[in-house]
Amino acid sequence: MSADHHHHDHDHNHGHHHDNRYTDMQARVRALETVLTEKGLIDPAAIDAIVETYETKIGPRNGAHVVAKAWSDPDFSGWLKRDATAAIASLGYAGRQGEHMRAVFNTPDTHNLVVCTLCSCYPWSVLGLPPVWYKAPAYRSRAVIDPRGVLAEFGLTLPETKKIRVWDSTAELRYLVIPERPEGTEGMSEDELAKLVSRDAMIGTAIARAESGKKRP
Ligand code: FE
């Protein structure tokens with residue numbers, strides 16, 4: 001926890017309310033799923049498919065829109081830097097009360113990576129449901145201790161000269177990574193640009209690539 005790239009700026013009691021609520025909700029959802037499955041009303045595999053769709057396709061489209069607009073509109077980008085909560089809400093993506101957003105911009109010198117070391121705080125309003133690995137203890141501890149090694153496991157090898165900043169999410173403050181705009185995308189519309197922005201690029205375990213929409217679903 002003493003690594004200098006780790007911005008641990010919240011106390012350890014954060015999020016307990018939300019954790020309890022989350023656990024309670026998980027228990028209720030599990031009970032509901034069990035009853036419905038036993039009565040033959042639902043197929044758990046179908047539920048998994050829906051969750052998967054929300055994790056990777058529907059949820060992160062909001063964040064991709066934010067990123068594409070930041071790439072296309074310098075005024076919006078400036079607003080996003082100064083007050084991400086308001087800039088993101090202006091596009092209709094508002095979080096729950098008390099949830100604040102901060103946008104962290106990748107640059108040629110610095111790559112940003114988001115984790116929640118204590119639980120699974122995640123910017124739901126722009127990314128949807130968190131992936132399973134984001135909630136896993138291995139990611140939560142190793143992202144802080146060895147971010148470069150974790151990124152390599154995600155297939156992202158950054159030059160040694162590039163600094164990695166790790167941001168620890170809390171229930172009160174959640175981060176959205178704004179990846180660097182890929183080269184060769186100058187003529188693209190906002191909609192085309194948004195297709196290049198994956199969920200992982202907005203967590204920081206990937207970068208945006210000019211052809212990523214096709215190669216990495
Ligand atoms: Fe958390």
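Heads up, the Cβ atoms here are built off N, Cα and C, so glycines get one too.
Sequence annotations record features per position, and here TrEMBL assigns compositional bias 'Basic and acidic residues' to 1-12.
Annotation source TrEMBL lists region 'Disordered' at 1-20.
Taken from TrEMBL, the feature domain 'Nitrile hydratase alpha/Thiocyanate hydrolase gamma' applies to 24-206. On the 0 to 100 pLDDT scale, the domain 'Nitrile hydratase alpha/Thiocyanate hydrolase gamma' (24-206) averages 91 in the predicted structure.
Residue environment of CYS119 (Fe(3+) binding site) contains 18 other Cβ atoms, counted within 10 Å of its Cβ in all protein chains. TrEMBL lists CYS116, CYS119, SER120, CYS121 with the feature Fe(3+) binding site.
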- Task: For SER120 (Fe(3+) binding site), just give me the three-state DSSP call.
- Result: coil
